[in-house]
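These features come from TrEMBL:
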DOMAIN    1-210  domain 'Protein kinase'
DOMAIN    258-293  domain 'EF-hand'
DOMAIN    305-340  domain 'EF-hand'
DOMAIN    341-370  domain 'EF-hand'
DOMAIN    375-410  domain 'EF-hand'
Amino acid sequence: EVELLKKLDHPNIMKLYEFFEDKGYFYLVTEVYTGGELFDEIINRKRFSEADAARIVRQVLSGINYMHRNKIVHRDLKPENLLLENKKKDANIRIIDFGLSTHFEPQKKMKDKIGTAYYIAPEVLHGTYDEKCDVWSTGVILYILLSGCPPFNGANEFEILKKVEKGKFTFDLPQWRKVSEPAKDLIRKMLAYVPSMRISAKDALDHPWIKSTDVTAKDSINLPSLESTILNIRQFQGTQKLAAAALLYMGSKLTTNEETDELNKIFQKMDKNGDGQLDKQELMEGYVELMKLKGEDVSVLDKSAIETEVEQVLEAVDFDKNGFIEYSEFVTVAMDRRTLLSRQRLERAFEMFDSDGSGKISSSELATIFGVSELDSEAWRRVLAEVDRNNDGEVDFEEFQQMLLKLCGNTAAE
């Protein structure tokens, strides 16, 4: 579970900060989500409006689409494993509990019979399945959100599993009379009995019902928020490896939900295809939207100039060089500099790098951070040339702080 979570970086997936172990236990340090389980929300509300159900399912689909692209299958999606970030009506959803998750290989079937009765896909019971078992589970969740009842019910687990195995469900209950046909159509596609005929998470995000009920897409972004976000991204200069690694650690591990709430909304607005990453085209569209909000005539813009700048931004901001801006990368470079570079965060980040607590970062400590057994002497020399002001061959806190301030436009930390 730890290894999988370390690789996942998405606004709808639980954030892992640290993990520890002793002789008897593993300890996971994760973000705190105060809104409770979606299961409890279902018990309290009975049924959801189509708009609210779509908002929830869209986020779950975005998370599993991202996982599937990274060849990870969850295998236990259910309302108990979906947490609300806070108590707000439109709270962000986080997928949790990756204890049954695993890597999968395309075209190779999984065989472990695991999952939870109401939500397990029939092919899992048959012992041969692929990642689309997650889509089935999400389809069951959508059915429950809109009706208040599971599609496959029974007096006990045995009866439930028998009905799941047959895969037959109906929209006969009275509450379905008020549910739109497009919503039912998506459920049918998500609960298609034959996995090869079942809609993928990616295609489900493009379904007309999901698109038509997407409040996020219809809402315009607040101009000051978008303007400051784009400005912060443009000013970022990610050429120094140590500085970039430190900043990414601060942005991904040392920020709170409250601090990233507005950025989360902007990210999801810019992420047109819902895959949890921003590509070149999506970034360009963000630039154009900003110019429209400022009243500038987009038709006369020099598109090649925008494209050139976006390519430069991607080069600087894309820390792992995979051609996309992941969520943590976005938060790191888009957040207000004074907020991100607080004295407390700088000290926490420095302590993470300074593993022996000596008050200075050495060559061996940096090698550990970059995941190599030994840092190339030339690489260490380049780091020192940019950072080591007193020429003592190591990096102290003041040098570390100045390095980050320089990277972020010399914004003073408080």
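Glycine residues also receive a Cβ, built from the backbone N, Cα and C atoms like all the rest.
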Secondary structure tally of the domain 'EF-hand' (258-293) (DSSP, helix then strand then coil): 27 helix, 2 strand, 7 coil
Within-chain partners of the domain 'EF-hand' (258-293) [C-beta distance under 8 Å, separation at least 6 from its ends]: 9-12, 58, 61-63, 65-66, 69, 92, 202, 205-206, 216-217, 219-223, 225-227, 229-230, 301, 306-307, 309-311, 313-314, 323-327, 330-331, 334-335, 339
DSSP helix/strand/coil residue counts for the domain 'EF-hand' (341-370): 18 helix, 2 strand, 10 coil
